[in-house]
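**Student:** First the structure, then my questions, so here it is.
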Amino acid sequence: MGNADFDDQYSHQKVEIPPPKPFLKTLKSCMKETLFPDDPFRKFKNQSLTKKLALGLQYFVPILDWAPRYTFQLFKADFIAGITIASLAVPQGISYAGLANLPPVIGLYSSFVPPMIYAMLGSSKHLAIGNVAVPSLLISAMLGRVVNPHDNPKLYLQLVFTTTFFAGVFQASLGLLRLGFIVDFLSHATILGFMAGAATVVCLQQLKGILGLVHFTHETDIVSVMRSIFSQLHQWRWESGVLGCCFLFFLLLTRYFSKKKPAFFWISCMAPLTSVILGSVLVYFTHAEKNGVQVIGHLKKGINPPSYSELAFSSQYLTTAIKTGIVTGVIAMAEGIAVGRSFAIVENYHIDGNKEMIAFGMMNIAGSCTSCYLTTGPFSRTAVNFNAGCKTAVSNIVMATAVMITLLLLTPLFHYTPLVVLSSIIISAMLGIIDYNAAIHLWKVDKYDFLVCVSSFIGVVFGSVEVGLIVAVAMSLLRILLFVARPKTFVLGKIPNSMTYRNTEQYSAASSVPGVLVIHIDAPIYFANASYLRERITRWIDEEEEKQRTSTEIELQYVILDMSAVGNIDTSGISMLEEVKRNADRRCLKLLLANPGGEVMKKLDKSNFIDTIGKEWIYLTVGEAVNACNYILHTCKFQSKRIESSTILDDNV
């Protein structure tokens, strides 16, 4: 039966080819979707120049947008939240500075200037800014390899400020260039395993403070840490160990109580500062510092001194500082954005990832010039800020003001604070990061995600923080490559009493159509998967022909490719379709396409593949394609029967 006769008797809606667009217009549209998916220019349309300048300033400095609407009622809520997180920021700041092998006062400096900058530039209402454990550990591990912080503290401090500067430059650059999607390559499973591994390493390293050890390994893997601990059994201080265990028990008990009674969340929030006060009073009256309990010692009074002259741009270790800045910047940025988004979802508002990167970058650049080291939005402090009822970023300003008062007036009170209490605070905070339930959930939902999580954890614990990060990113990228290079394909069957076609493996009621094989391609067709798809389609055809040889059904005559999920195709993909067409022709099979998208149709038209396959063999839906095949099959069958009957009649005559 000819194509003309078929078109006369069975007409269908033609799949249209989108009108051509100029290359520059297409490129502009592609760049806009890649870099500006949120369309930030929408609000600038049809506005005067003055209004555009005002809107642009509000975009880059969000406080100018919401400050005019700020009320005293909001301030009361932010003031309470700010004071609450300040009680957590002071002991945590001192503790994490020690984790980075920095003077304790640097941790307080880092809770003063950066929160002020973020309050003006950040888009999150709840994110509380401060230094965090994992970047602190990374800084210590990576810079400690080239400069010993105890032998050359001045150079080490300069490298830390330089690292913070480059971390800020990297973060701000990503935000300005609208490259925030890069952070999305760190999957949830990757971050979960990495953070759990880093938390485990941090906890193990704090055994130095708990046991009162003076000399300790600079390595972060569990083998080196345990070797360092058990090789110094004779130097363990029981006084320090008892004190540390008591305070750790107190901190964990208050956290458990606050979880059971959420209304009393402030008890857990105040516990670290309470521990610092109790530990300091205990040491002062018992003179425990003379019996092996190490204390902080003198803390310099005054707010942040300028440090822009300390940036070591001419140092021989500049490359290490840049590398450390990029690595720690990515980790800090990913954690801060993830925390901000999680609380924004709870309160049903949106935060701009690119704005957040600019805010993080600017606060770290400013921090590096004012004696601060890397800061971001830690989960623990943000959760406290949220539970305390904060309404805007003013809570960060209140916290920073409280820290400033501490720096100006209260630093001498921390002289007798035992280091073992700081170690207990860090261990308590890190135990909250290890999320066993999330790992179990990964195992139930997606085994590969669980494997990524565990690989990242093992890499950190048995290798190093850098190794764990590399393993985690490599596993995530491998999964992306597998998705791209090995896309899903499956056979579609018809759901009874409907025109719907679905996966025959998923729907047991879906039945294949005799003589017709419908294959769904579930991904764009690129050079990376074209070869695989050709082989997989050929295998589907082989399996279908083998199955029909053993049955009484009509032999396979039509192959339909459902391209509804094929968003794009490149020249390798078109070559693959041409090969599939030639292979089908050799087998005396007819190839049909169903529901190709606009971008696919444009490329198929430009490559002349539409002329090769024939416009009449491209259908709007799978249902139309199958109906057309059935029409031809039954028409040919009827005609063959009529010819056979007339032949028998002629023979009888």
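Just so you know, glycine gets a Cβ as well, placed from its N, Cα and C.
What TrEMBL says about a protein is an automatic prediction, not a curated fact.
Below, the features straight out of TrEMBL:
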DOMAIN    506-629  domain 'STAS'
TRANSMEM  79-97  transmembrane segment
TRANSMEM  117-143  transmembrane segment
TRANSMEM  155-179  transmembrane segment
TRANSMEM  185-204  transmembrane segment
TRANSMEM  236-257  transmembrane segment
TRANSMEM  263-285  transmembrane segment
TRANSMEM  393-414  transmembrane segment
TRANSMEM  420-438  transmembrane segment
TRANSMEM  450-478  transmembrane segment
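Mind mapping these onto the model and telling me what they sit next to?
**Tutor:** For the domain 'STAS' (506-629), DSSP puts the residue distribution at 64 helix, 21 strand, 39 coil.
Long-range contacts of the transmembrane segment (117-143) within the same chain, counting only residues at least 6 positions beyond its ends with a Cβ under 8 Å from a Cβ of the stretch, are 60-63, 85, 89, 92-93, 96-97, 99-101, 107, 110-111, 149, 156, 159-160, 163, 194-195, 198-199, 201-202, 205, 218, 220, 317, 320-321, 323-324, 327-328, 331-332, 335-336, 339-340, 343-344, 347, 349, 351-352, 355-356, 358-360, 362-363, 366-367, 373-378, 381-382, 384-386, 390-397, 399-400, 426, 429-430, 433, 464-466.
Remote same-chain partners of the transmembrane segment (155-179), defined as residues 6 or more beyond its termini with a Cβ less than 8 Å from a stretch Cβ, comprise 35-36, 100-103, 106, 139, 143-144, 146-149, 307, 310-313, 315, 317-318, 320-322, 324-326, 328-330, 332-333, 354-369, 371-374.
Residues 99, 133-134, 137, 220-222, 225-226, 330-331, 334-335, 338, 426-427, 430-431, 433-435, 438-439, 442, 446, 449-450, 452-461, 465, 468-469, 472-473, 475-477, 479-480 of the same chain, all 6+ positions outside the transmembrane segment (185-204), place their C-beta atoms under 8 angstroms from a C-beta of that stretch.
For the transmembrane segment (236-257), the list of distant contacts is 209-213, 264, 267-268, 271-272, 275, 278-279, 282, 288, 291-294, 418, 420-421, 423-425, 427-428, 431-432: same-chain residues at least six beyond its ends, Cβ to Cβ under 8 Å.
Within the chain, the transmembrane segment (393-414) has long-range Cβ neighbours (under 8 A, six or more residues past its boundaries) at 63, 70, 74-75, 78-79, 81-83, 85-86, 89-90, 93-94, 104-105, 108-109, 111-113, 115-116, 118-119, 122, 124-125, 127-129, 276, 280, 296, 299-304, 385.
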